[in-house]
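Residues or ranges marked as disulfide bond in Swiss-Prot: 24-42, 35-59, 63-74, 75-80. Positions annotated as signal peptide by Swiss-Prot, on the basis of similarity to another entry: 1-21.
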């Protein structure tokens, strides 16, 4: 019985992510990275002159303010950027 409980515990630990980790797209959305602790937002950065093509994507802790030249879009779910 103890062996069964130990086996179930190990399987649970392996299958579950004990600390939620966010995954954000890199510049090319086919690739993503797992965000380090404390970086709980994904972001996309655009040049205001061309809002259709993002110039940077990744993980961030606080969404930056937009400026006259750069626009940021932030979100908090896996690969949302």
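Using the three backbone atoms N, Cα and C, a Cβ is placed for every residue, glycine included.
Structure with Swiss-Prot features highlighted.
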residue: 24; record: disulfide bond; DSSP class: strand
residue: 35; record: disulfide bond; DSSP class: coil
residue: 42; record: disulfide bond; DSSP class: strand
residue: 59; record: disulfide bond; DSSP class: strand
residue: 74; record: disulfide bond; DSSP class: strand
residue: 80; record: disulfide bond; DSSP class: coil
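Nearest Cα neighbour of residue 80 (disulfide bond) among the listed disulfide-bonded residues (24, 59, 63): 24. Of all the disulfide-bonded residues given, namely 35, 42, 63, those whose Cα is no farther than the 10 Å limit from the Cα of residue 75 (disulfide bond) are 42, 63.
Within 10 Å of the C-beta of residue 24 (disulfide bond) there are 24 other C-beta atoms, taking all protein chains into account. Neighbour density at the Cβ, taken as the number of other Cβ atoms within 10 Å, is lowest among the disulfide-bonded residues 42, 59, 74 for 74. Among the listed disulfide-bonded residues, namely 35, 63, 75, 80, the Cβ with the most fellow Cβ atoms inside 10 Å is that of 35. When the disulfide-bonded residues 35, 59, 63 are compared by Cα distance to residue 42 (disulfide bond), the shortest distance belongs to 59.
In this structure, the C-alpha atom of residue 24 (disulfide bond) lies 6 angstrom from that of residue 59 (disulfide bond).
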